[in-house]
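Enquirer: Sharing a structure with you now.
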Amino acid sequence: MEERTFSRPAASATVLVGTQFGDEGKGKLVDYLSDQYDIVVRYQGGANAGHTICFDGKTVVLHLIPSGIFNKDCICVIGNGVVIDPNALMEEIQKVEELGYDVKGRLFISHNAHLIMPYHKRLDSLSESCLSGDQKIGTTGRGIGPSYEDKFARHGIRVVDLLNPKVLEEKLRDNIEAKNKLICKVYEKEEIDVDAIIGEYEAFDKVIDPYVTNTQLYLNRQIKAGKTVLLEGAQGCLLDVDHGTYPFVTSSNPTSGGACTGSGVAPNHIGKVIGVCKAYMTRVGNGDFPTELEDETGEKLGEIGHEFGATTGRKRRCGWLDLVALRYSLTISGVTELALTKLDVLDTFEEIKVCTSYMLDGKEIFDFPTEHQTLCRVQPVYKSLKGWMASNANAKSFAEMHPNAQAYVNFLEEATGVPVTFISVGPGRDETVFK
């Protein structure tokens, strides 16, 4: 009998994930790479994530629209895995158009994406306010979690419902009746006006209709036609609801697996996974952070790196790079190459530390424990590296970078087994080195 093998389709999609707690600089990378891809897709999260892009002397923060929108030849898609606040989306579309970029014909929104309603935001704030101290998650209050709750409870409202006023009104009345019972009887707060919300959301139909399509079919047909796709994640792997530092996580899957379920692109189309890693670490909100620096060094990292949340403006907690956590993220997302960002923030440090393992109850461990009860007890073990005390902003190649900066990058590669291909040495598009 003739031996046969199954052929594998040519992979034409790339996934880009954050490998830490979010805020790794994914926006700059997507903006830089978007001219190499025909389509950029946002596949999870909502307006709780902010991607910052610096170009032409401007700094722009996007929360929902993919960062590729500033490449005029790029098509942008908001996938089915995203939860959409229509008000925030309309404001963002207006912002992009005011900057001189066309959105119509270049932005498509999944008809299956779920909507964030006013009652989701209300419940988000009420739920968080009832928690105390270490129990607080540090939610952005944007209604993300409650919207995903409704999605998985199978009574969420989707974009497609905006296109049918009768269906929309029926679903809103049913949902708000249930939410008002919770708001009034459990939280003892004033109920929500259902008629006001119905009027507001019916008006979104005319505005959003030109952008709505079946993006699952659209993306797969475009891939079949030879188009290339970049799938852009929000937040980071360590905030993944299944694989992150639960319960201090987001409500979706920022890992590479979420790219397929959140876009409808099949796994066999994924050719590579780019992991974005900051040269140090930050975290917004509560949750375990083994390498956090609550001293002058942490303050210095925050000041130089301008570490304030793009969505909430909250001050980020700062610390040294954690290789234990990073290796875990690379494993669960199958990262094939690393993009190292904000290396320039370390330019004025004589000594740079990197966590290589943890001490737990007197034993050295190398695997990342995701459960809070264990992670809160680990102590980082550091390796010290020499700083470079110089700027690499003018370097046009890896060889032109300071030798100690090169050594830092090489150490990161050796410690993770993953090549670093992109190095950000400043916020601008041109302050980038490829290795």
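We number each residue from 1, going along the chain as drawn.
Note: Cβ is positioned from N, Cα and C throughout, glycine not excepted.
Feature list, courtesy of Swiss-Prot:
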- 22-28, 50-52, R316, 342-344, 424-426: GTP binding site (BINDING)
- D23, G50: Mg(2+) binding site (BINDING)
- D23, E24, G25, K26, N48, A49, G50, H51, T140, R154, Q235, T250, R314: IMP binding site (BINDING)
- D23: active site, proton acceptor (ACT_SITE)
- H51: active site, proton donor (ACT_SITE)
- A310, T311, T312, G313, R314, K315, R316: substrate binding site (BINDING)
Enquirer: Among all chains shown, work out which of the binding-site residues G25, G313 has the most CB atoms within 10 A of its CB.
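Expert: Going through G25, G313 one by one, the largest Cβ count within 10 Å is at G25.
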Enquirer: Given the binding-site residues N48, G50, Q235, R316, state which is nearest to K28 (GTP binding site) when distance is taken between Cα atoms.
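Expert: Nearest in space to K28 (GTP binding site), counting only the binding-site residues, is G50.
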Enquirer: What kind of secondary structure is L343 (GTP binding site) part of, going by DSSP in three states?
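Expert: DSSP call for L343 (GTP binding site): helix.
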Enquirer: Cα of D23 (Mg(2+) binding site) to Cα of Q235 (IMP binding site): how many Å, rounded?
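Expert: Cα-Cα, rounded: 7 Å.
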Enquirer: Say we define neighbours as other CB atoms within 10 Å of the CB. Which of the binding-site residues N48, T52, Q235 has the fewest?
Expert: T52
Enquirer: What does DSSP call K315 (substrate binding site) in the simple three-state scheme?
Expert: strand
Enquirer: Rounded to the nearest angstrom, how far is the Cα of G313 (substrate binding site) from the Cα of L343 (GTP binding site)?
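Expert: The Cα atom of L343 (GTP binding site) is 22 Å away from the Cα atom of G313 (substrate binding site).
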Enquirer: I'm trying to understand the geometry here, so how far is the Cα atom of V425 (GTP binding site) from the Cα atom of R316 (substrate binding site), in Å to the nearest whole number?
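Expert: Distance (Cα to Cα, whole Å): 20 Å.
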Enquirer: For T52 (GTP binding site), just give me the three-state DSSP call.
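Expert: Strand, per DSSP.
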